[in-house]
Amino acid sequence: MSNSENKQNSSEEKPTKSNGNSLSNDLLSNLNELKTVFSYPTNNALKIRHLFLPLYNQNITVLYIEGTVDIHLIDTTILEPLFTKSDGPLPNIDFVSLLMTTILPTADAKLISTVNEVQQSLVNGNTVILVDNEACAISVGTVKFENRSVSEPSTETTIIGPKAAFNESAAINRSLLRKQIRNPDFLCDTVTIGKQSEQQISIMYLKNIADSHIIEDIKKRLKKIETDSILTLSQVEQYIEERSYSLIPSTLMTERPDRAASFILEGHIVLIMENSPTALIAPTTFWSFFHTVEDQYLRMPYGNFLRIIRIAALFIALLLPALYIAVTTFHTGMIPTDLMLAIAATRERIPFPVIVEIIIMEVSFEILREAGVRVPSTLGPTIGIVGALILGQAAVEANLVSPILVVIVALTGLSSFTIPDVSLNIAIRMLRFVFLFVASLFGFIGIAVVAAFLTAYLVSMKSFGVPFFAPLSPHYPSSKDLVMRPPIWKQWIRPQSMSPKQKVRAPKPKGDGNNDEN
């Protein structure tokens, strides 16, 4: 091949120059423009190294931002190869093409041609090489942000199953998901949001399962976000959720890679973002908020027993104080006489009506709960336990509340801790106060009316076009993994409310699944 052909081929590999702030052939001019962009030397985080390469008779400048790169990687993959003489003859091509094809051993290198691309590459933790007399630059992947190591989940703990949790590194989180799903159809699209922070959102899904309309809907909502800064996925959730003023969440957050992977395999989409130790799952249904990943790891009877406990605890956390008010205020005839007399005796010296008693205790419990979260972790449990004991005992001795009410509020508070999802937990605690007030005014009728309105509201909700109460209302074929789950070998069909491209995950089981051959 002739030299002219080599030069022609190498020039075709270079990025085409844009009409905007393209790099010029003058290294000094490019460098001065970048110094202005990064406010250098006021911003001393930008590191600049001017180098002359005698082996190639070439001037270059290496740039990176301190604290975002791996210095050892720069030395071994960039500087050392540049100053090491090649054993064999070098190909007869221009210097930039020589760097890309022969000198730089790393695979994570690409050509860029504009100041904006250089700027974005630097802030993302890459190292940029400017070459004199070349209207382009080379971006080399040397990113190394400080991150926590992979640790155990803090809120979604399990006895059986993996102990790994997401951390603040998007690359590590994507790796944890790919460890669970090793499939060439497992894709990762990227959307950049935030004019100042320019954060990248990774949209992860299985191309051969997830519904294309849902994927496009999520991308469309992400691209419509117009703001200077997005710092966490929790903020992204507030931009793309269905109803911003709704107490009930329409998306699900999880810190467990195995749980996120299980949703992806059913056709859901998972969002990953830098600095967020959780993944955002969309769409979601009402039933997902009561499930834990351990339900599938345990044998069917054990998992269903725990689900029954959680469902019962949900109703206790939501309705028990309201039922107590309704019974003791409006429907005393429903209580056995001896029990009613015992309750009346405990309230004989209480100066407040029942609703005031409960509000005093509920607000006190919420304050204790918040204090336990905000104080240092070593003191949190102590404050919660000691505070509850001291306040409860003192309130009873001061005749501010009755002893039975302390038991009711304590049982209500403990029941709320069994709700797996944090957002739904807060929603239930807020709705409890609504039921308290209507019960104090209308008794059982008020509770029934609010419960009916709440059910109708849940049925009317949608999450990215998927009915929130599906597959129960409206009915869709599914594996019937709702309140109770069938044996795992019977969960052969994916939830059709998600419109998955592959309707089933396994062949339809035959018989009762008994493996006994006798």
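Just so you know, glycine gets a Cβ as well, placed from its N, Cα and C.
TrEMBL annotations: computationally assigned, not manually curated.
If you look up TrEMBL, you'll see 509-518 marked as compositional bias 'Basic and acidic residues'.
Annotation comment: TrEMBL describes 1-24 (among others) as region 'Disordered'.
Per TrEMBL, the feature region 'Disordered' maps to 495-518 (among others).
Taken from TrEMBL, the feature transmembrane segment applies to 308-330 (among others). Tertiary neighbourhood of the transmembrane segment (308-330): same-chain residues 290, 343, 353-355, 358, 362, 405, 408-409, 411-416, 418-420, 428-429, 431-432, 435-436, 438-440, 442-444, 446-447, 483-484, selected by CB-CB distance under 8 Å and a gap of 6+ residues from either end.
Long-range contacts of the transmembrane segment (350-368) within its own chain (CB-CB distance under 8 A, at least 6 residues past either end) are made by residues 321, 324-325, 328-329, 383-384, 387-388, 391-392, 395, 399-402, 405-406, 408-410, 412-413, 429, 432-433, 436-437, 440. Positions annotated as transmembrane segment by TrEMBL: 350-368 (among others).
If you look up TrEMBL, you'll see 375-394 (among others) marked as transmembrane segment.
The transmembrane segment annotation in TrEMBL covers 400-419 (among others). Within its own chain, the transmembrane segment (400-419) is flanked in space by residues 289-290, 309-310, 312-314, 316-317, 320-321, 324, 343, 346-347, 350, 352, 354, 357-358, 360-362, 365, 369, 388, 392, 425, 428-429, 432, which lie at least six positions past its ends and keep a Cβ under 8 Å from the stretch.
The feature transmembrane segment is assigned by TrEMBL to 431-459 (among others).
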Cβ-Cβ under 8 Å with the transmembrane segment (431-459): same-chain residues at least 6 beyond its ends: 247-248, 286, 317-319, 321-323, 325-326, 329-331, 353-355, 358-359, 362, 412, 467-469, 473
